[in-house]
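Here the structure is laid out as structure tokens; the discussion comes afterwards.
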There are 2 protein chains.
Amino acid sequence: MEIQVLKKIKQQGNRLTKPRKLISEIFTKVKYPLTAQEIQSLLKNENINIDLTSVYRTINLLVSAGLIDKIDWGDGRKRYEIVRSEKHHHHLVCDNCGTVENIVFKDEQWLIDRIKKKIKFQIKRHSLEFFGLCQKCH
Amino acid sequence: MEIQVLKKIKQQGNRLTKPRKLISEIFTKVKYPLTAQEIQSLLKNENINIDLTSVYRTINLLVSAGLIDKIDWGDGRKRYEIVRSEKHHHHLVCDNCGTVENIVFKDEQWLIDRIKKKIKFQIKRHSLEFFGLCQKCH
DNA sequence: CTCTATGCAAATAATTTGCAAGCAC
DNA sequence: GTGCTTGCAAATTATTTGCATAGAG
């Protein structure tokens, strides 16, 4: 998986630099949406210092390459998550403790296809996020 | 509709000031999600000058009162739209021209209820937005 | 008249841009 | 070696906060 990301960066004519490798690795390891700051902190925990600017620039590169998806929770920070083609999922975000669970809908594609047939609008992306309380915080 | 909003502002012990009346009126008139800046501009078009700070503060008041909903399109700006209980809907946002169409799902509540039964997570809110190209921009 | 709400200025936060120096190829 | 990338500083954009004054009740 990780190797695929690095391969794709090169394929698109971009250089494989240390920040790009390290940030890609973070995305392959962490399974919930990350902000630029969180990526920088995770790297700092491993004693790696990458400038925030480079984090932002790498994020933009990975988005353009279609390797990560933007996830928005409406709190003024942009979050990004690796694209795992096998597992298109959505998130259950706990208002209290902030933990994130993933949720997969069996009929989602069927539903989207049905919507597409009904409307004249050409849907390219959609965003579906759930907020509430996780089991622990009930 | 507009009167209901003003009534509710007072009911909650808040004063009915000019900025609050004018901003509530904008929300009742405009049927797509607005940013703070857009609200200020719309008022400026009518030769009314309201400080951006007051727009933000009024937005927060209306959100707390449950009169407007936050809509997030992941572009770094928060948008707000009046709550119309009769018409729970989602948006089709055109990537090209920015126009917004509303979309209503007949089975949405049924779907949400079914999800709720399957999971241990207590869903309170959800956000569902579609992006793509409108009929004109195809 | 009292106390909340406003406007203005300044602070904070997230993200972007310009540019000289570093490093991938 | 060449030119894309990085790090640092500064700029930009969105939003929030402090405070004196205006105005709703």
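Using N, Cα and C of the backbone, Cβ positions are placed for all residues, glycine too.
There are 16 other Cβ atoms within 10 Å of the Cβ belonging to B:H126 (Fe cation binding site). In this structure, B:H126 (Fe cation binding site) is part of a beta strand by DSSP. The annotation Fe cation binding site is assigned in TrEMBL to B:H88, B:H126.
Same-chain residues at least 6 positions away in sequence with a Cβ under 8 Å from that of B:C97 (Zn(2+) binding site) are, in sequence order, B:C134, B:K136, B:C137. What TrEMBL records for B:C94, B:C97, B:C134, B:C137 is Zn(2+) binding site.
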Taking only the CA atoms, the spacing between B:H88 (Fe cation binding site) and B:C94 (Zn(2+) binding site), expressed in whole angstrom, is 20
At a CB cut-off of under 8 A, do any of the binding-site residues B:H88, B:C97, B:H126, B:C134 come close to chain A? List them or say none. B:H126, B:C134
Which of these binding-site residues has the least crowded Cβ, counting other Cβ atoms within 10 Å: B:C134, B:C137? B:C137
Long-range neighbours only, meaning 6 or more apart in sequence with Cβ under 8 Å: which ones does B:C94 (Zn(2+) binding site) have? B:V100, B:G132, B:L133, B:C134, B:K136, B:C137
